[in-house]
Amino acid sequence: MGNSCQNGTYGNNYQNSNRFQNDRFASRYVDGNDTEDCYSGSSRASLAGALRQGLNLKSPVLGYKTPNVRELYTLGRELGQGQFGKTYLCTEISTGCQYACKTILKSNLRCVSDIEDVRREIQIMHHLSGQKNIVTIKDTYEDEQAVHIVMELCAGGELFSKIQKRGHYSERKAAELIKIIVGIIETCHSHGVMHRDLKPENFLLLDADDEFSVKAIDFGLSVFFRPGQVFREVVGSPYYIAPEVLEKRYGPEADIWTAGVILYVLLTGVPPFWADTQSGIYEKVLDGRIDFKSNRWPRISDSAKDLIKKMLCPYPSERLKAHEVLKHPWICDNGVATNRALDPSVLPRLKQFSAMNRLKKLSLQIIAERLSEEEIVGLREMFKAMDTKNRSVVTFGELKGLKRYSSVFKDTEINDLMEAADDTTSTINWEEFIAAAVSLNKIEREKHLMAAFTYFDKDGSGFITVDKLQKACMERNMEDTFLEEMILEVDQNNDGQIDYAEFVTMMQSNNFGLGWQTVESSLNVALREAPQVY
């Protein structure tokens, strides 16, 4: 188990913190025109029967009896929280070794596909267990309330956090890191697994002092695949999604595209495809043009550009395979990647990209949690009216039914709501609907904004400071990295803190994506302040 016996803290990574909706969806694949699942018809029938009989309280998810997890482990503090449950630090009673325990509440498994997703995630983790640079599952347990997945504890935090704390950053270091990431992809693909949600925050370190102790986590969207199999479900994170995924016809080549995006971010600090809205990002991805000329691409070698072009080839059949990437001259051992420091603007950009909108997202969560039943009863009725199949989720076709409530929402607000909710899954559940609607609902907006601001400004000074953000992150078990960047992104008068007017401007701005102007202005401030380098 390597370093699993050591103490450590990390954010919500184990619990899919950045997959606001994706946890619920995965794992349908299509061969030709025939849709299949990972489970037999009889298995699906038994699951459906279990749901009808009250799965949430009594029925088994794993399909076999397990010991009581609390007889073997002591569950400690919360490490993260996600849609289906929470992740805790746990200590094995017999050895004293520490692990991470992902607890998935059965009450949150509302349909057959939810149960299948949990089973498949566990199957894939067992299938890949013991492979280098992939988080190791120790065991699974089930009781009447929850399923518990015990895995090794990645105590070193996020890989990208470590990168951004370095004072010197070079192409050679980027090549070493992307070699690890593509090596993980090669391992997955050779074992018949497609990850489908690779992104920087899904790579953690076992040991903060060892940059090569990288572990890939979060297989909640991963699937088994066969050669030639075609997948049609749109999943993933907007900046990293491959064009063929958006076109609903893809295979494992999509993971290579994602790695190419990560490499671009490593070298420049910004993603290759971005816009002010998610739909705008998707348009850029489908267009496929890569910027190698602007000042966002300073002093990068031709060999690195060549590799990125081949990893971000818009045609999957012509895109490099994982083993071909590892043989590229820029990335292989003793390759041509230079050890010369990258342009000094890269690390501030990388930090800014990692921290973008984190304060806004946290603030929206705080507002949503504090809404009274009276404030959300109208939205609840809207959701129920759209949820015609009583599945506790609605599709985007159903979401368009909001137009019948035009007295509350304008057409432009409905479009914004759809973009805010859309993480490429094409569905949204109740909690997600509320959190997305919070930023658009004009009713008593001032009251909600003041409540969120006050959550941070507990001493009533009228300002949000780095220290206050740190305390808020501790309260919510979030990583407190790059707090200065969170301030910097919102601080308009450069006084190092956020006043209420600046906070309101941030919250009311329609910046679901990361626009270049936002980064450019923030970057200029960052360079003036010359900070030392998630």
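Every residue, even glycine, has its Cβ placed from backbone N, Cα and C.
Swiss-Prot has this to say about the protein:
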ACT_SITE  D197  active site, proton acceptor
BINDING   D387, E398  Ca(2+) 1 binding site
BINDING   D423, T425, T427, E432  Ca(2+) 2 binding site
BINDING   D457, D459, S461, K468  Ca(2+) 3 binding site
DOMAIN    73-331  domain 'Protein kinase'
DOMAIN    374-408  domain 'EF-hand 1'
DOMAIN    409-443  domain 'EF-hand 2'
DOMAIN    444-479  domain 'EF-hand 3'
DOMAIN    480-513  domain 'EF-hand 4'
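Features as recorded by Swiss-Prot, highlighted on the structure.
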residue	record	CB count, 10 Å
D197	active site, proton acceptor	24
D387	Ca(2+) 1 binding site	18
D457	Ca(2+) 3 binding site	21
D459	Ca(2+) 3 binding site	9
S461	Ca(2+) 3 binding site	11
K468	Ca(2+) 3 binding site	20
Is it possible to list how many residues within the domain 'EF-hand 3' (444-479) are helical, extended or coil according to DSSP? 22 helix, 2 strand, 12 coil
Along the domain 'EF-hand 1' (374-408), what average pLDDT does this model show? 63
Separation of alpha carbons, D387 (Ca(2+) 1 binding site) and K468 (Ca(2+) 3 binding site) (Å): 40
To test your reading of the Ca(2+) 3 site: which residues beyond D457, D459, S461, K468, same chain only, put their Cβ within 8 Å of the Cβ centroid of those residues? F456, K458, G460, G462, F463, I464, T465
In whole Å, how far is D387 (Ca(2+) 1 binding site) from D197 (active site, proton acceptor) when you measure between their Cα atoms? 27
Cα-nearest neighbour of D387 (Ca(2+) 1 binding site) within the listed binding-site residues, D457, D459, S461: D457
